[in-house]
C-alpha cells in the first residue's frame, strides 16, 4: 500500500490591499511553503485569483496532513474545502516544492472560468479538474507541453544513453550547418558597370538569408537539446523522489516492526524476571527444608530423653 497521497483544496481569498501588497503576501506564502515543504517531502502547486485559492499537495500522508492543518489555520483565506484526498502512485509536481501558476494571464483566466462554472463555490469545484488545470499550467509555464511531460516521465532510465546519442547527433548537425553557412571569400576585381559583378553582388543577400535560416535551425536544434536535457533531468528527479518515497515507506514499516519487536522483548524480559523470582523463592524454601531436616537428623533422641525426664519427675 502506498504512503503517497494527493490533497486538492479550494478556499475563498481574504487578501486585501493594493496589487503590490497582495503580490507581496503571495510571495511570502510561497517562500514559507517552499521552505517547509522541502523538509517533509511535500510538493505541489498554488493558484490564486481575486476571489479564490486552489492548491495541490502531494507527499507522505503525515506530511500532507500536517501541511494542510497549518494551511487551515491561516487567516488569509476562509471556507477551506477539500476537493480530493486520495493515495496516488506517483507525483504530478515532483520538481516543485510549491509551484505558483498565477503569473500568466491565461492561467488566471482558466482559474476564473473554473471558479465561475462552480458559481464561485469552492465545494462545487472538481478535484480532478483543479489538478489537471494546475498541472497543465505549471508545465506550460516551464516550457513543456503536458504531452511532452507525460512522454518524458514514462521513459525508462536506460533510455538516457539513447538521449545522449541524440544530443551528439544534434551537435553534429549544428556543426554541419555552420560549415554550410561559412561565407565564401572572393578577390575583388574591377568589372564594368552592368557586367557579371552585379550578378555576384546579387548572390550576397541570398547567402545572408541562408545564414539566417541556418541560424534559426541552429537555435531550434539548441532548444531541442535543452528541452531533451530538461526532460531527462525531470525524469531523474521524479525517479529519485519515487525512490525516496519508497524508502520512507520502508523506514516507517521497519520502525513499526522494531516497535513490535521491542514490545515482545519487554514481555519476555518481564516473564523471565517473574520466572527467576519464582525459582529463587523455591530454592529458598528447599534450603530451609534441608536445614530443618539436618537439625532433626543430628539429635534424633532428644525428644525421647526429654520425655523420660518428665516421667521420672512425676
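Just so it is clear, glycine is given a Cβ too, placed from its N, Cα and C backbone atoms.
If you look up TrEMBL, you'll see 4-99 marked as domain 'BLUF'. Helix, strand and coil counts under DSSP for the domain 'BLUF' (4-99) come to 34 helix, 37 strand, 25 coil.
Look at TrEMBL and you will find 185-198 tagged as compositional bias 'Polar residues'.
Here TrEMBL flags 185-215 (among others) as region 'Disordered'.
Taken together, the residues of the coiled coil (230-264) have an average pLDDT of 79. If you look up TrEMBL, you'll see 230-264 marked as coiled coil.
Per TrEMBL, the feature compositional bias 'Basic and acidic residues' maps to 282-293 (among others).
Under the heading region 'Disordered', TrEMBL lists 282-314 (among others).
Here TrEMBL flags 302-314 (among others) as compositional bias 'Basic and acidic residues'.
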